[in-house]
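Below: the structure, in structure tokens.
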């Protein structure tokens with residue numbers, strides 16, 4: 001595995017949300033946020049220098065190279081648990097067990113789980129609380145660390161198919177599946193959505209561009225009266241996603257917002 005590039009960007013909270021969306025589309029592996037700075041991480045071997053410099057024109061930023069042997073230590077030191085009320089929590093092995101919750105997910109935090117994604121992961125899990133997963137078939141599109149797939153199994157799913165186009169993410173997902181003693185999840189390295197199999201529930205915590213690119217495939221992969229749950233979207237993305245969904249016969253039934261990110265739950269009426 002390669003070294004990583006860390007971008008330390010001076011930016012307001014509002015600017016950070018825009019930058020996260022833009023840099024994620026260029027392949028950023030993860031993000032960390034403070035009130036005044038955004039840290040973005042890329043693999044050195046595939047760092048899109050020209051495009052990044054174009055986006056950051058006018059920003060003050062520093063570029064640092066992180067040696068591979070230091071990467072996991074840097075990532076783990078900044079990982080904080082995600083806790084959704086008394087419903088569920090995601091924690092790392094070095095955190096103390098979280099008391100008073102129904103479902104605890106243990107992960108090894110790597111670059112497939114960025115601090116900037118906490119809000120979207122939180123909302124996905126929050127929305128999953130109100131969906132009946134018992135004996136359902138689930139498709140986790142862009143699984144990352146596998147936390148949503150793992151939660152789906154814990155909620156009673158009969159089968160979960162999880163894919164990601166990043167090799168590191170699939171390795172991490174399989175590791176986390178084992179840590180959580182899951183047996184109903186199939187994790188594969190892929191970016192292809194086969195419409196030969198239909199699912200009762202589709203989970204997609206990615207970003208606007210990928211969701212729009214694969215929208216037709218996702219719609220064709222969900223059963224009638226099935227659900228598609230999206231996040232990885234900014235508030236400004238809502239209209240285009242809702243309009244596209246309606247054009248495909250999906251009805252918005254729940255909307256959540258957290259730290260300028262949104263999650264949208266649709267039902268397939270066709």
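Cβ atoms are placed via backbone N, Cα and C, with glycine included.
Listed features, source TrEMBL:
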- 121, 142, 164, 205: S-adenosyl-L-methionine binding site (BINDING)
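Distribution of TrEMBL features across the structure.
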| residue | record | Cβ neighbours (10 Å) |
| --- | --- | --- |
| 121 | S-adenosyl-L-methionine binding site | 24 |
| 142 | S-adenosyl-L-methionine binding site | 22 |
| 164 | S-adenosyl-L-methionine binding site | 25 |
| 205 | S-adenosyl-L-methionine binding site | 24 |
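According to its DSSP assignment, residue 142 (S-adenosyl-L-methionine binding site) is coil. Taken residue by residue with DSSP, residue 121 (S-adenosyl-L-methionine binding site) is part of a helix.
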